Amino acid sequence: MMLSHLTTMFRRCQLGRRAVIAFPLIWLLLFFLLPFALVLKISLSEGAVAIPPYGPLVDYADQTLSIFLNLGNYLFLLSDSLYIAAYWGSVKTAFMSTVVCLLIGYPMAYAMARAPARWQLLLLLLVMLPSWTSFLIRVYAWMGILSNSGLINNLLMGMGVIETPLRMMNTQFAVVIGIVYAYLPFMVLPLYAHLTRLDNSLLEAASDLGSRKLNTFIKVTLPLSMGGIIAGSMLVFIPAVGEFVIPELLGGPNTLMIGKVLWEEFFLNRDWPIASALAMVMLLLLLIPIVWFHRYQSRELEK
Amino acid sequence: MSLVRRRPHFSTVMLIIGLLFLYLPMAVLVVYSFNSSRLVTVWAGFSTQWYAALFRDQQILSAVWTSLEIAFFAASMAVCLGTVAAFVMTRFGRFRGKTALSSMVTAPLVMPEVITGLSLLLLFVQMAQLTGWPADRGAVTIWIAHTTFCSAYVAVVVAARLRELDSSIEEAAMDLGSPPLKTFFFVTLPIISPALVAGWLLAFTLSLDDLVIASFVSGPGANTLPMVVFSSVRMGVSPKINALATLIILTVSLATFLAWYFMRRNEAKRQVILQQEDAG
């Protein structure tokens, strides 16, 4: 270990060391991990007309301790096809968006990594800049472009290509466009990071040995940028599954996505136990992608 | 010189198309903010009336102020938390709870916002029941929520810098008798300060931008800018929002341009110094 010398020096002052570790650890345990335990708890409670709107899990009355574990919320999710359709719709839409992001983002990152050095910073800033403006406003931009009286329809009808406006708003197509548009920078960034680190001599060696360009790309470049592909895809796919703003603004009432359903259960129906159960099932679905992402990310963090 | 012009590489074409895809919708927003018609999609002549309307809108103005305040404090706290977390993970070797810490640092990067928002709200409600705090939700609860997820981004940015940094400088300081705390504040921090600035700015924009988590953990009192914009946008397109969008895009572009200018100048300076060293 390169750091071992430094590490032993830090080890010498045990108390200070513990205090330094405790600061972020306790904050995150309290405000990140503990809340999940509460979601699990509320998902097992019964809805009630009260403030807050759920029943207790543990009750002590007449010298008897009763513990209620209400699986009803989960059974309800399974019995109603609306929820299953919403989960499926989310996974499908997120998957399609991730694939489109990858197909656009990979060549972009590749071109950036091959660009002359003095251009690279500028290109990187150009790709990232939209993500520093406002997510909400960038989704809003597509409302004006895709709607029936929007820019595309006006343009096409003005040119006489179509007679009646194309219905693009409130479709899955609009949601996919919105997700691709909003998340593309997060796909390009890790891909670019991996592709710039790519050792050029490997590519030269492949070409010296007579490998064709496409062959070199498939056998050398692609496998070596796999970490970037996985990180980028997870950065798009996982948040997209739970996306609320994009299906709400571009998907309309016809597109079922689980983030929107959860929002409505919580804010409109005030059914906190069902909303919690929906969140727990979503977390379960995303557990494998999240662990996968974490493994690549922590390899990056610790190496 | 060959007479046949070299065909541009496929990836270069895609880069141009991708950048057009990213910038055209924003350009449309800007153009239509100067439209005199209420309809965002029909051009009826140049006008700045929507900017005037925007600056008369008290609800939006006070929301801007609330958002800036929350973002400032959330970014500042996130830099403290994230830097310590990054330092602990890159410099402390093994310790109990390391896996837990590194999982909790990377998970917020991808966690769907509805889950984070809901879980934090449930925490605040339970805490209020048990301890009486927070009695009502608002700016403080949003600040805690934003600090938590922003610190994850800061930790990733700072950890990347700490890994690149040669630890022998810190070792040298400690070998010469500087205590660890002093070494951290007078050796490590100054070297990684550009990463701290980058992390702070990233956290600041993330906090300014968040709608979902803030909606969950906010109370009746506090309305952030995204919450106000969202309730207006839900009703359909409105030129006032286009004017706001234009101002946001302008500010971010200006800040990015300045950052680019200074980074390029620093790089040029470094090149000159390197060349002088080579010559001398």
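Here the Cβ of each residue, glycine as well, is placed from N, Cα and C on the backbone.
These features come from TrEMBL:
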type	residues	note
DOMAIN	A:87-293	domain 'ABC transmembrane type-1'
TRANSMEM	A:20-40	transmembrane segment
TRANSMEM	A:85-109	transmembrane segment
TRANSMEM	A:121-141	transmembrane segment
TRANSMEM	A:173-195	transmembrane segment
TRANSMEM	A:216-241	transmembrane segment
TRANSMEM	A:272-293	transmembrane segment
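Residues 276, 279-280, 283 of the same chain sit 6 or more residues outside the transmembrane segment (A:20-40) yet have a Cβ under 8 Å from a Cβ within it. Of the candidate ranges A:85-109, A:121-141, A:272-293, A:85-109 contributes the most Cβ pairs within a distance under 8 Å of the transmembrane segment (A:216-241). Below 8 angstroms of C-beta separation, residues 108, 112, 115, 178, 181-182, 184-186, 188-189, 192, 245-246, 249-250 of the same chain, each at least six residues beyond the ends of the transmembrane segment (A:121-141), sit close to that stretch.
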